[in-house]
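A.B. asks: This is the structure I have questions about; it appears just below.
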Amino acid sequence: MSGSKSSSETEEGLAFQPSFDASGLVTCVATDAKTGDVLMVAHMNEEALRRTVETGDAWYYSRSRKALWRKGESSGQVQRVLEMRTDCDQDAVWIKVEQQGAACHTGRRSCFYRAVAKGEGAGIRLAFVDAERLFDPAEVYRAKA
């Protein structure tokens with residue numbers, strides 16, 4: 001999947017040649033294929049990309065655990081990939097998924113469940129939006145641990 005390439009090849013060519021960062025990762029944005037809602041942002045290494053393409057399930061690389069993981073392997077909240085796109089310089093991918101249940105480890109449909117809003121004075125605050133929990137993370141992750 002990797003290799004040297006010219007700017008023209010990267011931007012206009014048809015070869016998938018991801019541009020991994022110094023840590024060997026690309027950013028992945030996952031959206032709901034039906035609604036277009038952003039579900040989560042994560043990272044993929046070369047193996048996660050390969051497994052995602054080969055299996056049709058979303059695979060990611062955990063920077064904190066330094067390990068591959070298949071979305072839903074602990075929670076059962078699987079992401080089936082319907083389409084994968086790459087950006088112009090191939091350093092990020094966008095996957096349109098069929099989400100089963102919640103995408104966020106907090107039990108919510110999306111990891112983007114808080115809006116940033118202007119607070120009193122010059123302050124900035126967060127406000128919950130679409131924050132309903134679809135599962136209790138304490139129950140799900142304790143049972144799998």
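Cβ atoms are placed via backbone N, Cα and C, with glycine included.
Got these off Swiss-Prot a minute ago, pasting:
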- Asp87, Asp89, Asp91: Mg(2+) binding site (BINDING)
- Cys88, Cys104, Cys111: Zn(2+) binding site (BINDING)
A.B. asks: In this structure, which of the binding-site residues Asp87, Asp89, Asp91 has the fewest other Cβ atoms within 10 Å of its Cβ?
C.D. replies: Asp89
A.B. asks: Return the residues near Cys104 (Zn(2+) binding site), defined as same-chain residues 6+ apart in sequence whose C-beta is under 8 angstroms from its C-beta, sorted by sequence, else 'none'.
C.D. replies: Leu39, Met40, Ser110, Cys111, Tyr113
A.B. asks: Count, for each of the binding-site residues Cys88, Cys111, the other C-beta atoms lying within 10 angstroms of its own C-beta, and report the residue with the smallest count.
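C.D. replies: Counting other Cβ atoms within 10 Å of each of the binding-site residues Cys88, Cys111, the minimum falls on Cys88.
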A.B. asks: Enumerate the residues of the same chain, Asp87, Asp89, Asp91 excluded, that satisfy the criterion Cβ within 8 A of the mean position of the Cβ atoms of the recorded Mg(2+) site; list them in sequence order.
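C.D. replies: The surrounding set, listed in chain order, is Thr10, Ser19, Val26, Thr86, Cys88, Gln90, Ala92.
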